[in-house]
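K.L.:
Pasting a structure below so you can have a look.
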Amino acid sequence: MKHFLSINDVTDLNQLITSGIASKRNPFADIELGKNKTIGLLFFNSSLRTRISTQKAAQNLGLNVITMNVGQDGWGLEMEEGVIMNGDKAEHVKEAAAVIGSYCDIIGIRSFAGLQDRDKDYAEIVFQQFKKYAEVPIINLESATRHPLQSLADCITIEEFKIKQRPKVVLTWLPHFKALPQAVANSFCEWMNPMDVELVITHPEGYNLAPEFVGKGQVIYDQDKALEGADFVYGKNWSSYEHYGQVLTSDPSWMITEAKMSLTDNGKFMHCLPLRRNMKVADEVLDGPRSLVIEQAANREWSAQAALREVLLHI
Ligand SMILES: CCC[C@H](NC(=O)CCC(=O)O)C(=O)O
Ligand SMILES: NC(=O)OP(=O)(O)O
């Protein structure tokens, strides 16, 4: 696997999940793999889990790690080609990517959607430019449209906690007053499609995700109906794709409560975090036995280690 940008870079999903679970059992089995190699982690946006879990996973593989908050620690980067750089960006990605690629053997990048121009966001210009000019493997730490390290951790978690061969997995939209990217929801659906699960997606009208991510997912606009018999409830807010970047509603009746979870088949609750308590999900759920959010976040270390190991094996 040269890059890890999406599930399309993965040749064997079951092998990757197995590798993540194996790393959990024996974290330092491949400590020599990354010896004398360096990974650079570039953050254009905030992060807790991705930042720490990816650094830990890299260290478990013997990699040296350099972390940078782009735009704060370094210069603002111009991504467009052929522009006159007389604005607030002091450096072009052509130079920055080539220079970072000369220091690092692998580069991880977090760059969220701007939520202003759908075509621009869904073209993933930041990742295309770094792939073109850095000339080293690129790892997606959440891009405008995907979050594969999160999705691999989600797959590992479902494999660990499922009690049926083909569980019902419900992705439910949750209310928020801010416009958030579709990336986590897109990616979750994309990774659930090849898994042996019944995938249901529930959200208010106007929040349909792009069809290329929904795939086999059954869309149900009635949340209570969607939750019936669910084995896993995956909560996430996202802004409208159809009315790009807009918050069409923040209806609090979509918040997950114990009453909502009682519609499931003893369902477990998942969320990528960070999560705004009692706006998206009630304390009674997060503090109760249904919640897997901590185990899910802990699996980010093993998700990153499985992905980085695959990339290192092909450098
Ligand atoms: C892993 C999730 C990262 C990000 N989440 C947020 O930006 C939450 C921000 C907030 O709630 O204010 C998102 O929704 O893509
Ligand atoms: N789930 C996730 O990626 O968390 P951070 O945004 O804190 O990295």
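Cβ coordinates are placed from backbone N, Cα and C, and glycine is handled just like the others.
Note that this is a predicted model, so its numbers are computed, not measured.
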K.L.:
Among LYS120, LYS236, LYS260, which residue shares the N(2)-succinyl-L-ornithine site with GLU142, HIS176, ARG276 according to TrEMBL?
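P.N.:
Looking at LYS120, LYS236, LYS260, the one TrEMBL places in the N(2)-succinyl-L-ornithine site next to GLU142, HIS176, ARG276 is LYS236.
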K.L.:
In whole Å, how far does the CA atom of LYS236 (N(2)-succinyl-L-ornithine binding site) lie from that of CYS272 (carbamoyl phosphate binding site)?
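P.N.:
Just about 8 Å between their Cα atoms.
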K.L.:
Spatially, and counting Cα to Cα, which of the binding-site residues is closest to GLU142 (N(2)-succinyl-L-ornithine binding site)? Options: ARG49, TRP75, LEU149, CYS272.
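P.N.:
For GLU142 (N(2)-succinyl-L-ornithine binding site), the spatially nearest of the binding-site residues is LEU149.
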K.L.:
Checking proximity to ligand 2 here: which binding-site residues out of TRP75, HIS176, LYS236, ARG300 have their Cβ closer than 6 Å to it?
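P.N.:
Close enough to ligand 2 is none of the binding-site residues.
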K.L.:
Measure from each Cβ of the binding-site residues SER47, ARG49, TRP75, LEU149, CYS272, ARG300 to the atoms of ligand 1 and list the residues where some distance is under 6 Å.
P.N.:
CYS272
